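Enquirer: Pasting a structure here, questions to come.
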Amino acid sequence: MPAVLLVHGGAWAIPEELAKASVDGVKSAACEGFSVLRRGGSALDAVEAAVRALEDNPDFNAGHGATLNIDGEVELDAIIMDGRTLACGAVSSVKNIANPVSLARAVMEKTSHVMLTGRGGNLFAESIGVGSVPSDSLVSDHERTEWSKMDNYDAEVLTDFNSKWAHDTVGAVAVDSAGNVACATSTGGIRNKMVGRVGDSPIVGCGGYADNSSGAVSCTGHGESILKVTLARLILSHIEQGKSVADASQLSLQHMSDRVHGAGGAVVVSPSGQWAATFTTKRMAWAAVEQDVLWFGLDPNERLKEKLSQ
């Protein structure tokens, strides 16, 4: 069966000056992930590769480019999940890690646990030889400037999300030629968050979920809202009840808006290769590759495509 890979760079009110970099970044990451599938690699390998590319890009809030907490520190969250076995790994509030998604995969493959948090996650990283990087290398000049402007988290977030703003997270979903699905999500969280705050991204069923019986989802948006409705699992439950991936995504995001007044987005792929990129924020940078076509978009109802060279 044909393989498909889909990525997002976060659902939020992306300003015009970041629009091109956001779209270029997700297109590049989608091609990076799909190259793994094209070589016969697994969906799990492909989503890790795609998210690593986004973590390495300072235009996105994950790894390099992450937001700062109230103390001016970087705390990172990530999850990865294998739809074939339901194996998953996650890290939360880890520091000085360039690629949290790969550390999450190590938790999945090298421990008997699902999630490690804070100091425990960093100690584990050290024990398996994952190098730490200086915090300053993960923070852009733009983020330092934006962080210094914020003096009230609650007021700022309320303003952001009431106007359909959500802070960007990155993620990927894929189905490989064997019909296996996988997801991965990574974030630096919300700017000026409390120390130790964990949002939806590393939580199974919220920031991501993958199951060969229904599909794979990676979510983005207001973490507290996504947590309250277990958005990733909610989308898949609609698919299990016979809804298309697009309808399942739209219904779930609308429920989140109606029930807890939260905005966000999701990328979804089914085991048969159906896919959707859906959001209720002003914008979401996304890209998908199937066969030799690269699809991408930023604004609502935008669906552009380019032919890829073989």
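Placement of Cβ uses the backbone N, Cα and C atoms for every residue, glycine included.
When I checked TrEMBL for this same protein, it listed these features:
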{"type": "ACT_SITE", "residues": "Thr169", "note": "active site, nucleophile"}
{"type": "BINDING", "residues": "Arg197, Val198, Gly199, Asp200, Thr220, Gly221, His222, Gly223", "note": "substrate binding site"}
Enquirer: Whole-number answer please: how many Å between the C-alpha atoms of Gly221 (substrate binding site) and Thr169 (active site, nucleophile)?
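Expert: Computed Cα spacing between Gly221 (substrate binding site) and Thr169 (active site, nucleophile) is 7 Å.
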Enquirer: Between Asp200 (substrate binding site) and Thr169 (active site, nucleophile), how far is it from one CA atom to the other, in Å?
Expert: 10
Enquirer: Cα-Cα separation of Arg197 (substrate binding site) and the residue listed as 'active site, nucleophile', in Å?
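Expert: Just about 15 Å between their Cα atoms.
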Enquirer: Find the one among the binding-site residues Val198, Gly199, Thr220, His222, Gly223 whose C-alpha lies closest to that of Thr169 (active site, nucleophile).
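Expert: Closest candidate to Thr169 (active site, nucleophile), judged by Cα separation, is Thr220.
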Enquirer: Other than its own, how many Cβ atoms are within 10 Å of the Cβ belonging to His222 (substrate binding site)?
Expert: 27
Enquirer: Identify, among the recorded positions Thr169, Gly199, Thr220, Gly221, Gly223, the residue whose Cβ has the fewest other Cβ atoms within 10 Å in this structure.
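Expert: The recorded positions Thr169, Gly199, Thr220, Gly221, Gly223 were compared, and Gly199 has the fewest Cβ atoms within 10 Å.
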Enquirer: Measuring Cα to Cα across Arg197, Val198, Gly199, Asp200, Thr220, Gly221, His222, Gly223, which the record gives as the substrate binders, how far apart are the two most distant ones in Å?
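Expert: Maximum Cα-Cα distance: 16 Å.
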